[in-house]
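Annotated features in TrEMBL:
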| type | residues | note |
| --- | --- | --- |
| TRANSMEM | 78-98 | transmembrane segment |
| DOMAIN | 106-262 | domain 'Sodium/calcium exchanger membrane region' |
| TRANSMEM | 132-159 | transmembrane segment |
| TRANSMEM | 171-194 | transmembrane segment |
| TRANSMEM | 206-226 | transmembrane segment |
| TRANSMEM | 241-260 | transmembrane segment |
| DOMAIN | 294-436 | domain 'Sodium/calcium exchanger membrane region' |
| TRANSMEM | 295-313 | transmembrane segment |
| TRANSMEM | 319-339 | transmembrane segment |
| TRANSMEM | 360-385 | transmembrane segment |
| TRANSMEM | 391-412 | transmembrane segment |
| TRANSMEM | 419-440 | transmembrane segment |
Amino acid sequence: MDGLRSNDNKQNIDRHSRAEMGSFSERTILEFEDESLVSPVSLNRKNFSIEHSSSLGGGSQKLCYGNMKNRVFHSLKVVVFSAKINFLMPFGPLAILVSSLTGHHGWVFLLSLLGIIPLAERLGYATEQLACYTGATVGGLLNATFGNATELIISIYALRRGMIRVVQQSLLGSILSNMLLVLGCAFFAGGIVVSKREQVFSKASATVNSGLLLMAVMGLLFPAVLRSTHTELHSGKSELALSRFSSGIMLVAYAAYLVFQLKSDKNLYLPVTEEDTEESLDDEDAPEISMWESIIWLFILTIWISVLSEYLVNAIEGASVAMNIPVAFISVILLPIVGNAAEHAGAIMFAMKDKLDISLGVAIGSSTQISMFGIPFCVVIGWIMGCPMDLNFQLFETATLFITVIVVAFMLQDGTSNYLKGLMLILCYLIVAASFFVHVDPASVEDKTRKHRL
């Protein structure tokens with residue numbers, strides 16, 4: 001009897017467990033159906049599974065094509081149509097059209113200048129998007145590198161045409177623009193927005209960059225003094241040989257600086273106001289496009305800037321005559337303002353968010369990269385091309401750079417910022433701009449005289 005009862009109990013338990021499992025499966029199906037009625041994501045998954053099971057080939061291909069098409073439209077919308085400054089983009093093709101039809105150098109130069117402005121800004125945007133995937137330290141280096149890509153591209157095209165003075169003055173103007181105008185506007189805007197206290201930044205990072213800038217001044221000063229004092233061992237050759245040797249030394253110093261920045265002492269470049277800067281940046285500035293989209297856009301924008309830079313360089317001398325503006329003023333003031341459009345906007349934006357270390361990294365870091373990498377790189381490229389590009393920037397330009405570095409170093413020595421310091425830097429830049437407007441470049445006069453004799 002006990003065996004029969006135990007068998008009956010086991011059968012009842014089995015039937016009960018089957019009933020519970022059946023009711024559970026029915027309940028999960030009902031919940032799935034209810035969820036599909038409410039959640040569009042679930043409905044899409046259900047539809048996708050049905051389509052995928054019905055036709056594995058055609059359905060998946062259509063889905064992939066549709067996703068790719070949506071990504072392309074989204075990327076175009078974000079990069080090309082989202083920024084208000086992009087209304088200047090049509091001026092680029094218009095410059096090419098005017099150059100083909102009329103050849104008026106003044107209009108070609110002006111239209112090319114306006115067409116490069118949004119491209120430089122979008123190049124900075126694509127770099128910032130890529131920096132979201134690479135981290136803050138590498139991102140800052142990428143930002144400075146691609147932010148200076150416009151100036152380097154213009155310089156290479158000018159070197160191909162033998163316009164050494166345009167290369168020297170445009171690179172010098174980029175340093176002056178970043179150190180005085182960009183940094184000054186960042187300090188001024190940050191001081192106005194954060195008016196109740198002084199903004200602070202890392203003094204250690206500023207000191208290292210100031211030292212590198214003074215080293216760059218040393219490299220530019222000795223060839224100019226050697227020429228001015230007529231103490232060359234071999235006239236015309238010692239100056240060029242010294243420039244190429246100094247350029248190699250400066251490139252080694254910049255490589256050591258990169259290793260120090262990225263590997264040896266990362267804590268030196270941590271902001272003083274925020275400990276979790278990378279996390280806060282990730283929360284606030286989530287990437288809008290993917291990493292590969294950022295790389296593709298960097299490639300496209302660099303090519304388009306290269307095309308417009310060729311038209312811009314070819315029209316500089318004609319524009320100087322047509323608009324009655326010295327070539328030195330165009331090279332030192334106008335070209336760098338266009339090339340630094342991305343840095344200018346980024347530095348002001350970060351300063352207004354009280355992230356002054358990033359603003360300082362954009363402005364001073366870009367100046368350091370141009371002086372310690374951009375200028376020596378152009379000397380080496382000119383050496384390869386057979387163009388006698390040297391570090392003799394003439395005494396007037398070298399003295400201007402030396403005084404600027406000293407002024408900025410004094411502004412940065414206490415690690416604080418306010419709107420008065422920013423205003424002083426902006427006013428210093430206005431003095432520099434006025435000086436180059438009335439400056440006659442003796443080297444360019446000698447070149448013109450030599451061309452007329454030939």
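Every residue, even glycine, has its Cβ placed from backbone N, Cα and C.
Worth saying up front: this structure is predicted, and the values here are computed from it rather than measured.
The stretch from 206-226, 319-339, 360-385 that makes the most Cβ contacts under 8 Å with the transmembrane segment (419-440) is 319-339. Across the candidate stretches 78-98, 171-194, 295-313, 391-412, the maximum count of CB pairs under 8 A to the transmembrane segment (360-385) is reached by 171-194. Helix, strand and coil residue tallies for the domain 'Sodium/calcium exchanger membrane region' (294-436), in that order: 121 helix, 2 strand, 20 coil [DSSP]. Panel annotation: around the transmembrane segment (78-98), residues 104, 107-108, 111-112, 114-119, 121-122, 125-126, 288-289, 297, 304, 307-308, 311 of the same chain, lying at least six beyond its termini, place a Cβ under 8 Å from a Cβ of the stretch.
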